[in-house]
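Notes for the one structure printed next.
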Amino acid sequence: MAAYDWIESALATVHKANWYRSVKTMSSPGPTAVLNGQTVINFASNDYLGLAGDSRLAEAAIAAINTYGTGSTGSRLLSGHRMIHEQLERAIATWKQTETAIVYSSGYLANIGTITALVNKRDLILADAYNHASLKNGARLSGATIHEFGHANVTELQTLLETHRSHHRRCLLVTDSVFSMDGDLCPLPELIALAEQYDCMLLIDEAHGTGVLGKTGAGCVEHFGCRDAELIQMGTLSKALGSLGGYVAGSASLIDYLRNRSSSWIYTTGLSPADTAAALAAVEIIREGSELRSQLWQRVTQLKQALTTHLAPEDEHQTMQLLPSESPILCVQMPTPAAVLTASQQLLDQGIFAPAIRPPTVPTSRIRISIMATHQAVQIDQLIVALSEVAQGS
């Protein structure tokens, strides 16, 4: 039908811009995996602590299936609520030091459902320009007036507050804690100060901070010592926690309100028993000890120090640049989408899977590297050698 002819043309445009994407089959979640038939060292996983392959999570998931079955069978407000959901929510709240928490079936649903429940067309959203797509889409769906401020630019944010805050009923400040395509952290203490000064709510997305940052791995809020601030703390169960799902932690009134007004929680099937149990086991493991986080940060430091030397910014001929990072996400910026695709393929030819990230996902093309606690030092060394060879040939 002619009504669908535009799709082929749109795909051709995507191909021409070097923006085309396709899925790759990965055999397992570990640091070494088989990718489309090739054994590779995996530097693309968000499984920062290596828990997705941990036998303790698998045993917890199997036990939950034996007790509750494979599915939750309904929405949480109807037939889909299980005691294990409550146990996970209590564990998250204790870990995050909030009054309570609510678990969603994915992090994406948590962001969309929370934002659209809190603000509407009478309200204002001020958001970091580098926020995750789920935050951006939640903002659009809310109908609120949206203004983005330059990445981590609190001066620009304050100017927007001075200009627009008084014209709207409510204001929601929205930010990632760890920016997933850059690896840097939000200026949380400054954001909290502005939220208090201008009577704003503040939502912080801890997707890539949960399990990784802070003394107990509770995230960026703990890392900055801001646990006493009144915040809306969102996070995922699918990255460092090695399972699936999302959560929001905060005051009892906030969570009670979300149970009654958050459409993406009300009108979807509850998180499966297996995923819930695996996430609960992960929270307990992370809270009980810091060994995995210590291993992770050793590997991050090893790679960062080497790349800082090999990708020296003072080299005028160097086309690869290590972007600032305070997390297990390290990004090597390259000049064009074509260049980053070539570099990623060269790494793959050497058995290194580090994906090319291109516009429109990010403003500039880059190789995105994710470090896991289960990576061995020798695997980090292999990556360093491979990146150095790519840099020399670029």
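Using the three backbone atoms N, Cα and C, a Cβ is placed for every residue, glycine included.
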(request) Can you match one of Ser79, Ser180, Ser264 to the pyridoxal 5'-phosphate site that Swiss-Prot gives for Gly107, Tyr108, Asp205, Glu206, Ala207, His208, Thr236, Leu237, Ser238, Lys239? (result) Ser180
(request) Look at the substrate binding annotation in Swiss-Prot, where His132, Thr361 are given, and name the residue from Arg21, Arg259 listed for that site too. (result) Arg21
(message) Restricting to the chain of Lys239 (pyridoxal 5'-phosphate binding site) and a gap of 6 or more, list residues whose Cβ falls under 8 Å of its Cβ, or answer none.
(response) Asn46, Asp47, Tyr48, Ala207, His208, Thr210, Gly211
(request) Can you grab the distance from Ser180 (pyridoxal 5'-phosphate binding site) over to His132 (substrate binding site)? Cα atoms, rounded to a whole Å. (result) 7
(request) Using DSSP reduced to three states, classify Gly107 (pyridoxal 5'-phosphate binding site) as helix, strand or coil. (result) helix
(request) Select the most exposed residue of Ser180, Thr361, where exposure means the fewest other Cβ atoms within 10 Å, treating these as the binding-site residues. (result) Thr361
(request) Can you grab the distance from Thr361 (substrate binding site) over to Leu237 (pyridoxal 5'-phosphate binding site)? Cα atoms, rounded to a whole Å. (result) 23
